[in-house]
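Enquirer: Pulled from Swiss-Prot, these are the listed features:
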BINDING   ALA10, SER11, GLY12, LYS13, SER14, THR15  ATP binding site
DOMAIN    2-217  domain 'DPCK'
Amino acid sequence: MVIGLTGGIASGKSTVVDFLISEGYQVIDADKVVRQLQEPGGKLYKAIVETYGLDFIADNGQLNREKLGALVFSDSKEREKLSNLQDEIIRTELYDRRDDLLKKMTDKSVSKNFDSKSQGKNLSVNKPIFMDIPLLIEYNYTGFDEIWLVSLPEKIQLERLMARNKFTEEEAKKRISSQMPLSEKQKVADVILDNFGTIEALKKQIQRELARIEEQK
């Protein structure tokens with residue numbers, strides 16, 4: 001079973017992912033995969049240099065993600081350009097990792113440390129795997145048995161983003177408005193995890209859904 005996990009910026013997906021991993025579930029983290037692909041010599045790194053030149057390469061040779069992010073979030077045309085550039089590379093890599101993990105589980109092998117966030121627990125072949133993809137709905141990723149959405153009111157999302165990233169209100173609103181509204185994503189999701197309360201309340205929702213899946217086996 002493959003579950004797609006998504007949500008808006010500062011919605012709390014990382015909290016969900018950390019909890020799932022602590023419970024022994026395997027999570028393919030799209031943001032982490034992208035960062036790996038953006039390392040010097042990686043497929044995305046090469047594609048960005050070929051498209052933008054060295055303007056977004058820092059003195060240490062690393063990709064200047066902050067500078068690149070500022071460009072794409074302030075210019076919708078550049079955002080679309082970069083998204084199209086990266087989409088095929090990222091999509092292929094994510095599906096390859098999913099297929100690799102499913103094969104290992106089908107072969108009943110025990111996989112450790114597939115993701116660097118893993119706590120090193122032995123993973124049961126009967127457990128679902130999760131794919132944490134921020135733009136899962138926007139880019140029409142498929143192949144999931146269920147889609148889980150981490151959601152919260154926009155006011156709380158705005159406050160959390162400002163606090164987490166030290167953004168001004170204007171900067172935070174611009175980032176949020178660049179994404180599909182959570183209200184629209186809710187129409188597609190099979191499970192909605194409400195993250196406007198405490199972490200413990202969020203964990204209880206996750207445990208309830210995991211128990212439901214276990215009962216369906």
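The backbone N, Cα and C atoms fix where each Cβ goes, and this holds for glycine too.
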Enquirer: Just name the winner among SER11, SER14 (the binding-site residues) by count of other CB atoms within 10 A of its CB.
Expert: SER11
Enquirer: Hey, for the ATP site built from ALA10, SER11, GLY12, LYS13, SER14, THR15, who else sits with CB inside 8 A of the CB center?
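Expert: Result: GLY7, VAL16, VAL150, ASN195.
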Enquirer: With every protein chain in view, what's the tally of Cβ atoms within 10 Å of the Cβ of THR15 (ATP binding site), excluding that atom itself?
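Expert: The answer is 16.
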Enquirer: Under a three-state reading of DSSP, tell me whether LYS13 (ATP binding site) is helix, strand or coil.
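Expert: Helix, per DSSP.
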Enquirer: Suppose you look only at the domain 'DPCK' (2-217); what would the mean pLDDT be?
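Expert: Taking every residue of the domain 'DPCK' (2-217) together, the mean pLDDT is 88.
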Enquirer: Give me the non-local Cβ neighbours of ALA10 (ATP binding site): same chain, 6+ apart in sequence, Cβ-Cβ under 8 Å, ordered along the sequence.
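Expert: Those within reach of ALA10 (ATP binding site), by Cβ under 8 Å and sequence separation of 6 or more, are GLN157, ARG160, LEU161, ARG164, ASN165.
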